[in-house]
């Protein structure tokens, strides 16, 4: 009986793919060695301990319909599009060894004619006249009896978009999260014009089989049919939830300030697990009462644009004379935290 398992996802949904990964990892026998191949459409994937408001340009992501996905491993933020091929290697302990999976990926690249080396913070790089260029980044997760190594290979990623979404707005965040290390990157198409996702998957698969001396048929995982994986529906619901993707952010503080025709406003927020634990409002407005009331309304709210906007709008009935000011304030707050 083979100890290998090969899974290939035909979904581009990051929440679906990460839920599949999590379910397989939790329920796999300790004797099994798994390779999961997948890719995501337009997504910023952040590490388990990262703050999305600090790492990402969340406003531009929303405007461009780019999803946010928090993974269960550590490390930094990355942008995925269909120009990336994602891989996950899983194994039980004591056999789990990230150097083995790194060797497999390097062997796959070598078979395609790309000589790469492992470097620094879990990267694979190629040497160019301009210096080392990163073609792959990885992250890892271990539990008591198993571990996984997952990462991406840059095939034909839109590197300009990567810079757009991973360069955060200059918000005044005093955050305790982990800031990603920006690296010089290169696409494999610069080295192998015309290389495809399917060719890379085939190369990684063959290197996986060669290392273990076994072969196995691929299992195609599709969202058109709910995967036969224990607790998949619950895992997908969690992976796609605001509470997981945003609410798991480390505690941080945010200062917003703006000058309106009717006065200046300064908002101070303390946020924990995506919820405002303290809100202070300062203003030189001649009618400060609605803003003073707003501070109380905001405490306990989720740090979401729509929620903050609703909290501000809810004061209109109480302060109808300041309707215009409150609507202006609501629109500004919603835009500022996106």
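Using N, Cα and C of the backbone, Cβ positions are placed for all residues, glycine too.
The ATP binding site annotation in Swiss-Prot covers 71, 76, 77, 78, 79, 134. Per Swiss-Prot, the feature (R)-lipoate binding site maps to 134. Per Swiss-Prot, the feature domain 'BPL/LPL catalytic' maps to 29-216; the stated evidence is sequence analysis.
Confidence annotation: the domain 'BPL/LPL catalytic' (29-216) carries a mean pLDDT of 88 in the model. Maximum C-alpha to C-alpha distance over the listed ATP-binding residues 71, 76, 77, 78, 79, 134 is 21 Å.
DSSP assigns residue 77 (ATP binding site) to coil in the three-state reduction, outside any helix or strand.
In sequence order, 43, 44, 45, 66, 157, 161, 162, 165, 166 are the residues of the chain that are 6 or more apart from residue 79 (ATP binding site) and have a CB within less than 8 Å of its CB. Under DSSP, residue 134 (ATP binding site) is assigned to a strand (E or B) in the three-state scheme. A simple way to gauge crowding: the CB of residue 76 (ATP binding site) has 20 other CB atoms within 10 angstroms, across all the protein chains here.
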